[in-house]
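Going by Swiss-Prot, these are the annotated features:
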- 39-148: domain 'tRNA-binding' (DOMAIN)
- 401-476: domain 'B5' (DOMAIN)
- D454, D460, E463, E464: Mg(2+) binding site (BINDING)
- 701-794: domain 'FDX-ACB' (DOMAIN)
Amino acid sequence: MKFSELWLREWVNPAIDSDALANQITMAGLEVDGVEPVAGSFNGVVVGEVVECAQHPNADKLRVTKVNVGGERLLDIVCGAPNCRQGLKVAVATIGAILPGDFKIKAAKLRGEPSEGMLCSFSELGISDDHSGIIELPADAPLGTDIREYLKLDDNTIEISVTPNRADCLGIIGVARDVAVLNKAPLQEPEMAPVTATISDTLPITVEAADACPRYLGRVVKGINVNAPTPLWMKEKLRRCGIRSIDAVVDVTNYVLLELGQPMHAFDKDRIDGGIVVRMAKEGETVVLLDGSEATLNADTLVIADHHKALGIAGIFGGEHSGVNGETQNVLLECAYFNPLSITGRARRHGLHTDASHRYERGVDPALQYKAIERATRLLLDICGGDAGPIIDVSNEATLPKRATITLRRSKLDRLIGHHIADEQVSDILRRLGCEVTEGQDEWKAVAPTWRFDMEIEEDLVEEVVRVYGYNNIPDEPIQAGLIMGTHREADLSLKRVKTMLNDKGYQEVITYSFVDPKVQQLIHPGAEALLLPNPISVEMSAMRLSLWSGLLATVVYNQNRQQNRVRIFETGLRFVPDTQANLGIRQDLMLAGVICGNRYDEHWNLAKETVDFYDLKGDLEAVLDLTGKLGDIQFKAEMNPALHPGQSAAIYLKDERIGFIGVVHPELERKLDLNGRTLVFELEWNKLADRIVPQAREISRFPANRRDIAVVVAENVPAADILSECKKVGVNQVVGVNLFDVYRGKGVAEGYKSLAISLILQDTNRTLEEEEIAATVAKCVEALKERFQASLRD
């Protein structure tokens, strides 16, 4: 929002300069974006009157004038402006005047005629870009008066960024209130006395959508002169706020908008059929707006209509059919309070953003409408003449915003700001802000003013108190906090520890969106039900993820497209699985997932280029699982997953419960996702692993360990993990280690079979094992394998 500093000082005039005022406004939360003078630097320009105006004898486009500037004689000045005429009051740069750009006025001859000055346009004085003609001043402008003084050009425009919660500052009155509070200065409101009705004319007004329009005021003003010129003082105030003067009626409504923050609209009363109806639009209904464009409306759009058609979009844009034009004599002034939710988003839907919609979307003071319509009526009558009828008020108190009582506790105030502000200061600040305050024991009960929608809870009052008290007035104090030993279960395995291990192994952590493309997700989890968002950011982000693989694989593709072929990444996050038994019907599981692809090692002269395989990822995953202390209970079992290669994947089980998957991405899925080369993934349900087994101290055997190797032949479909597990189970008391060190297929082994070479480590903590005992345990293992898996010792 942009406004004139002098206009603000008409409302409140603290004894501080422009820089201090701008800094104060910024510190109050209304960030000042810029302060600029309203005119260029010049002097020697005064009010004059064109007494004579004749055609230049030697130039068709020049005129020779005699100008009275209040001196002893008339000045001869040559002027080329098309609007120069006898009797016009003008801005005259006299000899010796210095204009913007260090341009000095001197006596000269133009085409043979003497010129003792210059009649100035707005652009020549650095006031605006208007160079279409010389400045036309009011007829009562006093001759010889310095133009800077007459037009009050020793002024600045201040532009501020108003946050959405401070809609009350979208008018001079709101900024003035804040400045008055900060400086403990009185607020000097211009007189806005009620206008006495001189005619009885009214217009029927019906509000069918009371929830969207709790208050609608109208007033008939008859017999106006719509072509009456807008006073220069009003034009200047509008210009300094960035508003172009259009006609007197529109200028008045814009003036009230800027002054009070209340949007208004003027209808041509004679073009309204029957009366005003405030209603919701009919689906597909059209209205031609003031800019000539046609808008097709939805049923959730509030409109101002007459008895036959829509006249405009409520709170956003008026319609062409009922707009004021050069022949208008009778107008209906509209001043309403619209519920912000009934306006929000409607302007953007039609590609519009108006000053009215900007304010209505954020909220207008529901108690402001009477003051605004009285102010507009008085200005309109003073400028355009005419007679005003009574105010037509259609209000629904039940749907108007209610002011809640907010309790502010002393303990909360002190705790949040870390500083004690005296009780009387707190009470004074709240009252100066416009609150109705009741003081209690170590608390205040405050009712926020109608213009402050953002004051709803206790924290809002704390913010207001410290804002007005001044952040700079809060002393720097060392932070004081009690040191309390945090409780941490030894069995808790921190994800931070897991992430550190993966980082050490060359993985990089990524964070991907929980919103994924439902089509891609169906490729990874065909047939799985996912939660679809009713209002997604985009179609490609309209489903909640069922696993972390969607985001991770998309990240791999992104990197491969940028010549990053060796990728090792992981992510921790939630998946969202529809579950009727879960709270709100959605189960949220914390997952740990990772992806690798490309070469096993970074390029190096001493290392061969080898592509990662299943066992690279399995080894990394086992290192992570070992942190849980449950690696001995983990099994990798062949199990189908539609996203994984059927021959290079496995389900991960903790005892008898499946906790994840690992494997190579299915070749068909690789093709559809545009993955380049073999890609391997894993995913674990972390909640089932977060409780680690705390290592138990035990005696280290002083007696020698014994290793025995066996090679058994089993069917191809027998998992090696089951063989190792069986050996551990059989030799539970003496077998302390089992390891698979070779797998052989080929000569000497029948087709459909494989040879597994297993080492058994046998040891006792109390004595040295005898050879007979060792042989018996090995034989027991072989017998168990033969019985369960039909295994045989390889010759």
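Think of each number as a place in line: the chain as shown, counted from 1.
A Cβ is built for glycine as well, from the same backbone N, Cα and C atoms used for every other residue.
Remember, predicted model here, so these are calculated numbers, not experimental data.
The residues near the Mg(2+) site, meaning same-chain residues not in D454, D460, E463, E464 whose C-beta sits within 8 angstroms of the mean position of the site's C-beta atoms, are N165, R452, M455, E459, L461, V462, R467, in sequence order.
Secondary structure at D460 (Mg(2+) binding site), as computed by DSSP, is helix. Within the domain 'B5' (401-476), the DSSP-based counts of helix, strand and coil residues read 33 helix, 15 strand, 28 coil. With a cut-off of 8 Å between CB atoms and residues at least 6 apart in sequence, the same chain places I429, L430, L433, M455 near E464 (Mg(2+) binding site), listed in sequence order. Sorting each residue of the domain 'tRNA-binding' (39-148) by its DSSP state yields 5 helix, 50 strand, 55 coil.
Look at the domain 'FDX-ACB' (701-794): DSSP puts its residues at 30 helix, 32 strand, 32 coil. For the domain 'FDX-ACB' (701-794), the model's average pLDDT works out to 90.
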